[in-house]
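**Q** One structure coming up, written as structure tokens, with questions to follow.
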Amino acid sequence: MKLLNAITLSLAALFTASLSVAAIAMQNNDMSQVKLPSMKPGQYDHQAPTLADIENDSELHPELKKVVLKGRDLFMNTQQLRGKYVFNDMNCKSCHMGEGRMAWSGPVWPAATTLPDFRGKNGHVNSLEERIAGCFSFSMNGTAPEYGSDTMLALAAYHQYMAKGAKVYDRNIGGRGFSSLGKDIPKDVSFGQGAAVYANNCAVCHGPNGEGKKVDGEVVFPPLWGDGSYNWGAGMTRIFTAASFIQNNMPLGQPGRLSDKEAWDVAYFINGQERPQDPRYTGDAKETRQKYLNFHKATLYGTELNGKVLGQHDNTGEKPFLKPEVLKPRTFGDE
Amino acid sequence: MKIKVLFAAWVCAGLMQAPAYAKGDAANGQALATQGDGSGAPCAACHGANGEGMAAGTFPRIAGLDADYALRQMVAFQQGKRVNPAMTMNIDNFNQQQLADLAAYFATLPVAAPAAATASQAQLELGKKLALQGDWDNYLPPCASCHGPNNQGVDGNFPGIAGQHASYLKQQLQAWQQGQRQSDPVQLMEAIAKRLSPEQIDAVAAYLASQPAAPQQ
């Protein structure tokens, strides 16, 4: 009897509570907004197909459909290549969010519409497969599946299918890559303030020490620094790349939550931490920085921060080698 | 004596590591769960004798719930950051150690297999899609991107939601939409919930309720 009374009382109190609740609700009306940059006039945009589009495409040969879906599976769960091609905790989707389809999150279809193309990072013309190999070498701290292999074919097929119907070689693409905040690091960028932004907005998922989170060995939130993260040669080590990625994609589900300043500061903080060695390492981080300054001018690699030269170490993380075979210069005319 | 000193050192180390509360004592929690806080109903009155909850009353299953998560929620009820008068009035006399004991106790309880789904196949399929793939064109990441593999939970910040009563999941998604849950540091769930349509809420709640709460042995 006493119990029943307590329950009845509790339920009755529910009604009075809804009044005080309305007041709390007023403060948070804009949480549902997705604050992303707008496309500039004249910029080309393309709606990449969804999984359902792939599944329902009756014009796709069943064998090709199988390969495209395999590519998607590898893209979403790249950890299935762990220990062979992948030596950290990343998946393709860790940086190319939303199945690699989202503008402002490194959508992958532009790779299929603009390659082969000259690439400043390695100074020669790259194919789509070579571009994918770049991600394996740096972002995945590993080595690429062999060109023409089943795995590489599947990944390339997924990229290509994402570009279905898109204009080829139109380079004025909106929402491509990660550079919406521009490439100039603000003069007042602050490691200390970045640490605070990190603690307040990022640590709940990525851990207090950037270590990420796993459940039974399966990565849920990727590490942002340390052995499990992207290496010193990854595009994401560039402060501007990380700042733009963060502002337009993080915290998950809340793009645009952070101010420009907060995004720059936290990108500086994250990329001011140690991570596996750049595969192009010469044995001296400062020297390597100078050799690849076109890239590293946007990173903190080989510079002194908090009394230490970043990247001056022999740690390649879980990867049992430094430089994958696939990273080699290519020129025409001498073959 | 030596053991006491060691224990104190261990507690201090624990406190320094994280701003967490003291570790709960499950045996004491079991006693508290039966007694109540002295002025209200015991846990079992709503959550059932085995913490199984009651779908019809939107009383959640609390058996097998992550202890850190359960404790954070009870503290939030006490502080008014989550609103549910029944919860607040029935635990308001517990101190934080007692809440930690309760959380530790319920975390040890086994979870029964989910009840057979009553939702339509189409609804379950939509729910599964939201739970495992999301709906990125409406900026809805999949539930599993935070709630972990098969939505069985990650830690005290990202609870398991598989095998929870659909009625409760629906009620809480609506509570997030209405800003009634203010206890999370980044309010990750609020932004997502506010983009969900009523149809999506019904579907995802039905699907998650039909899924096992813990990995199959």
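A Cβ is built for glycine as well, from the same backbone N, Cα and C atoms used for every other residue.
According to TrEMBL, the protein has these features:
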- B:CYS43, B:CYS46, B:HIS47, B:MET87: heme c 1 binding site (BINDING)
- B:CYS143, B:CYS146, B:HIS147, B:MET189: heme c 2 binding site (BINDING)
- B:24-212: domain 'Cytochrome c' (DOMAIN)
- B:1-22: signal peptide (SIGNAL)
**Q** What's the CA to CA span in angstrom from B:CYS46 (heme c 1 binding site) over to B:CYS143 (heme c 2 binding site)?
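**A** The Cα atom of B:CYS46 (heme c 1 binding site) is 27 Å away from the Cα atom of B:CYS143 (heme c 2 binding site).
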**Q** Near B:HIS47 (heme c 1 binding site), which residues of its own chain have a C-beta under 8 A away, given they sit six or more steps off in sequence?
**A** B:GLY53, B:MET54, B:PHE59, B:PRO60, B:ARG61, B:ILE62
**Q** Reported as an integer number of Å, what is the Cα distance between B:CYS143 (heme c 2 binding site) and B:CYS43 (heme c 1 binding site)?
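**A** With distance taken Cα to Cα, B:CYS43 (heme c 1 binding site) is 28 Å from B:CYS143 (heme c 2 binding site).
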**Q** For the recorded heme c 1 site formed by B:CYS43, B:CYS46, B:HIS47, B:MET87, which further same-chain residues have Cβ atoms within 8 Å of the site's Cβ center?
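**A** Same chain, not in B:CYS43, B:CYS46, B:HIS47, B:MET87, Cβ within 8 Å: B:ALA41, B:ALA44, B:ALA45, B:PHE59, B:ILE62, B:ALA86, B:ASN90.
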**Q** Give me the non-local Cβ neighbours of B:HIS147 (heme c 2 binding site): same chain, 6+ apart in sequence, Cβ-Cβ under 8 Å, ordered along the sequence.
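**A** Listed in sequence order, they are B:GLY153, B:VAL154, B:PHE158, B:PRO159, B:GLY160, B:ILE161, B:ALA162.
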**Q** When each of the binding-site residues B:CYS43, B:HIS47, B:CYS143, B:CYS146 is checked against chain A, which show a C-beta distance below 8 angstroms?
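**A** Correct list, in sequence order: B:CYS146.
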**Q** Which whole number of Å gives the largest C-alpha distance between any two of B:CYS143, B:CYS146, B:HIS147, B:MET189, the residues noted as binding heme c 2?
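**A** Greatest Cα-Cα span of the listed binding residues: 11 Å.
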**Q** Find the average pLDDT over the domain 'Cytochrome c' (B:24-212) in the predicted model and report it.
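**A** Taking every residue in the domain 'Cytochrome c' (B:24-212) and averaging pLDDT yields 94.
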